[in-house]
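Step one of this worksheet: look at the structure below.
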Amino acid sequence: MLKLLLGDPNARKLKRYQPLVSDINLLEEDIAPLSDEDLRRRTSEFRQQLENAGSLERQRPVLDQLLPEAFAIVREAGKRVLGMRHFDVQLLGGMVLHDGQIAEMKTGEGKTLVATLPSYLNALTGRGVHVVTVNDYLARRDAEWMGQVHRFLGLSVGLIQQDMSPAERRQNYGCDVTYATNSELGFDYLRDNMATDISEVVQREFQYCVIDEVDSILVDEARTPLIISGQVERPQEKYNQAAALALQLDRAAEMSKDGIDPEGDYEVDEKQRSVILTDEGYAKAESILGVEDLFNAADPWAHYVTNALKAKELFIKDVNYITRDNEVVIVDEFTGRVMPGRRWSDGLHQAVEAKESMPIQPETQTLASITYQNFFLLYPRLAGMTGTAKTEEVEFEKTYKLEVTVVPTNRTRARRDLVDQVYKTETGKWRAVAQETAEVHRTGRPVLVGTTSVEKSEVLSALLQEEGIPHNLLNAKPENVEREAEIVAQAGRTGAVTIATNMAGRGTDIILGGNTDYMARLKVREALLPRLVRPEEGHRPPVPLQREASSGFAAAASAPAKPPSEARALGRLYPCELSPDTDAALADVARELVKLWGDRTLTVLELEDRISSAAEKAPSEDAGIMQLRQVLAQIRADYDAVISTEQASVRETGGLHVIGTERHESRRVDNQLRGRAGRQGDPGSTRFFLSLEDNLLRIFGGDRVAGLMNAFRVEEDMPIESGMLTRSLEGAQKKVETYYYDMRKQVFEYDEVMNNQRRAVYVERRRVLEGRDLKKQVLGYGERTMDDIVEAYVNPELPPEEWDLSHLTNKVKEFVYLLQDLEPQQLAGLSMEELKAFLHEQLRIAYDLKEAEIEQLKPGLMREAERFFILQQIDSLWREHLQSMDALRESVGLRGYGQKDPLIEYKNEGYDMFLEMMTQVRRNVIYSMFMFQPQPAPAQEDEAVV
């Protein structure tokens with residue numbers, strides 16, 4: 001009703017931008033005839049105008065005035081360099097981003113191109129713009145591909161990759177537009193704030209940031225803090241003993257009610273992802289381990305036992321992690337990709353290693369940490385784009401103060417979303433999925449099936465194998481990950497069947513009829529691998545692993561193997577043989593490249609990098625890449641001839657059919673899977689198959705669903721369609737989203753306390769690092785320390801003759817040994833304020849004496865010592881403080897039982913602990929400075945040794 005009266009707020013926002021779009025379209029005629037040099041000259045003129053404006057606040061209105069002309073220039077540059085012209089809806093998206101909002105743009109609408117508009121405009125200030133993507137490959141691709149537009153217009157483009165040195169990072173952060181991943185940005189920020197010299201700092205002050213796949217970074221990853229840690233030694237045998245103990249303890253069938261423990265040793269709360277021992281469980285664990293108390297501070301066991309039980313019950317192999325090369329590797333629950341190098345904290349990873357009988361790696365101690373939420377709030381202006389943001393609109397507004405604007409699609413959507421089919425059991429559901437896949441496959445339409453875990457994708461694969469349907473499997477298992485590009489390249493071909501685990505973050509579009517660009521790359525890779533890559537690197541032929549009888553399933557051993565010719569036909573990757581001319585050209589290029597790049601000297605990654613550069617339009621100095629580019633175009637032309645007819649037939653039969661096999665905890669991830677079909681106005685359809693045994697319904701659907709299960713006396717393979725059930729599903733998803741939102745909000749609120757402390761420490765640290773007024777700072781520390789001593793030993797309510805001046809002078813001498821001749825009589829008769837002023841004066845005199853003594857040895861050594869001691873104290877005490885804050889956070893939750901708000905308790909106590917830490921820093925620095933006795937350098941050296 002409100003919408004009818006007031007109109008759609010989203011439409012109102014878009015209407016506001018419409019006049020600007022018209023202005024840009026009018027400017028197009030004036031800008032098209034300009035020469036390349038003229039366009040670059042405009043960039044310099046814009047920069048001059050902004051420089052004249054001065055501060056960032058004053059530059060903002062100037063940027064808004066320049067917007068129409070700047071966008072028109074970027075559109076023209078895009079046409080000239082990339083052969084791509086920004087559509088009107090892309091201009092709208094650019095304006096939304098420039099205004100510091102989130103632009104929701106559907107899959108395939110060219111989000112990457114949209115980012116060039118606001119990043120060019122905001123880079124004109126010279127303060128740097130960061131464009132953030134989810135992985136290194138996408139950052140590199142965008143920097144090479146979209147970076148051409150910026151370079152063409154005279155801006156510098158930087159790229160941050162995982163293996164770069166600090167010097168390379170500093171150079172790239174110094175560019176006008178820098179492409180990077182969210183984790184690299186965050187870790188560089190933390191490393192900068194651990195630097196011991198200003199020359200080690202790589203980032204400059206933040207200004208403007210555009211995040212691609214913003215929901216993935218600001219919502220999905222918001223619960224995971226970025227942590228830099230150092231190793232600490234802990235007894236490894238405890239993990240193994242705890243893992244063995246976990247196997248001897250029995251899980252309770254239900255949760256405790258009204259404080260009464262259930263039968264069993266421990267209860268598992270899947271919703272909270274926690275494990276709690278019952279009283280019986282505590283007694284049993286203590287007796288098996290032969291200890292009196294699991295919580296004994298001298299020999300603690302509780303932490304190890306709880307982690308071992310979590311590893312047993314909540315961390316499932318092939319769902320949460322996979323094992324390879326004798327290591328436990330985490331699987332990202334949102335993207336289905338493995339995350340090598342990432343480890344769970346608090347001893348959890350070690351518990352999983354013990355459970356899997358793998359070598360246990362040392363535990364770590366946090367040296368610095370920040371959440372993505374607080375990290376991205378450091379940017380004065382933040383913007384983001386994604387295909388699905390509307391469902392999380394409230395969170396974006398409350399946590400990040402970011403509005404969401406839905407940008408219309410360029411062409412009308414032709415996708416059909418079919419009604420969900422719900423089955424009573426999981427077995428019935430999987431049979432139905434296999435049946436639907438088979439039926440659609442026989443019509444010649446491509447099918448994409450999304451599963452939620454590696455294990456489930458293997459189950460479906462086995463069922464399709466029984467039906468004799470050729471298919472490709474894409475999950476976190478190493479043998480499949482390597483084939484990701486090939487599998488996605490042909491997922492849109494006639495009759496292709498692809499099973500993918502969490503298709504959410506995968507950056508490749510599924511193109512109807514097949515992706516000829518990818519197929520051409522793979523053909524080139526196949527021809528060049530044996531000639532250019534080192535033999536020890538090893539390589540596999542790029543014919544995808546069709547899941548045939550020989551694919552390693554135990555049940556498959558007795559199944560009759562397909563004749564080789566048929567199996568090969570099913571797995572054929574390329575749409576046709578190359579023409580003799582193209583074949584000869586490819587062989588020639590391969591020979592030339594051996595001469596240019598050496599015989600089998602590259603790694604697989606280096607070769608793939610070069611093929612990627614050749615496949616994109618970025619200008620290159622390398623003759624080899626230019627030759628590769630020509631042959632790629634030739635191969636693509638051969639394939640296009642065949643694929644264009646295949647594309648037409650796939651369109652006619654109805655396009656890609658997407659099947660979801662379980663509702664994800666977030667509606668957004670379901671929408672991302674649906675968005676794979678019907679991109680850019682293509683036809684397509686989607687359907688979800690669910691069962692009452694699915695995790696989502698089991699954990700969050702609650703008793704209503706259990707009641708429904710008993711009420712439906714239906715066969716396994718009969719779909720249930722009921723309004724109440726659909727509402728239950730929607731309700732369950734909303735419940736989960738709210739639950740996780742509350743968790744993220746809680747993480748945010750608790751980290752907010754840490755964030756204020758972190759900022760204060762980092763500001764202090766940076767001031768020291770830059771060497772500003774170091775002497776003044778140390779004297780300030782000393783004066784505060786003197787004040788603390790006076791306040792500790794002088795009670796203003798007592799008469800002055802009762803003040804404990806002898807203890808006071810002794811305490812002053814402990815800190816400042818140069819005041820050894822200070823006597824209590826000198827202080828007699830002074831008021832409290834006079835006492836403080838007198839000690840400040842004495843401290844200054846003593847400090848000047850100390851400085852003269854040190855400077856005689858080596859000029860400038862005093863300033864170096866000041867910097868060294870302040871940084872050393874801040875760093876070591878901040879590390880201890882982080883540990884204490886973690887411990888406080890763990891324990892503060894219990895205060896809820898005492899009718900106290902845990903967050904307020906955490907804020908108050910955390911603040912007191914922080915003040916105590918800063919006091920400790922001041923005292924330690926003063927003590928260290930006066931005790932500092934540098935050794936005179938040997939005669940042949942002219943440097944003093946600290």
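Including glycine, each Cβ sits where the backbone N, Cα and C put it.
Here is what Swiss-Prot says about this protein:
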- Q90, G108, E109, G110, K111, T112, D509: ATP binding site (BINDING)
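Shown are the binding-site residues Q90, T112; of these, the residue with the fewest other Cβ atoms within 10 Å is T112.
Less than 8 angstroms from the CB of E109 (ATP binding site) sit V89, Q90, G93, V407, T409, N410, Q680, each of them six or more residues away in the same chain. Residues within less than 8 Å, Cβ to Cβ, of G108 (ATP binding site) and separated from it by at least 6 positions along the same chain comprise D509, R679, Q680. In the three-state DSSP scheme, Q90 (ATP binding site) is classed as helix.
Sequence-distant contacts of K111 (ATP binding site), defined by Cβ-Cβ distance under 8 angstroms and a gap of at least six in the same chain, are G93, A103, M105, D212, M385, T386, G387. There are 16 other Cβ atoms within 10 Å of the Cβ belonging to G110 (ATP binding site). Other C-beta atoms found within 10 angstroms of the C-beta of D509 (ATP binding site) number 15, with every protein chain shown included.
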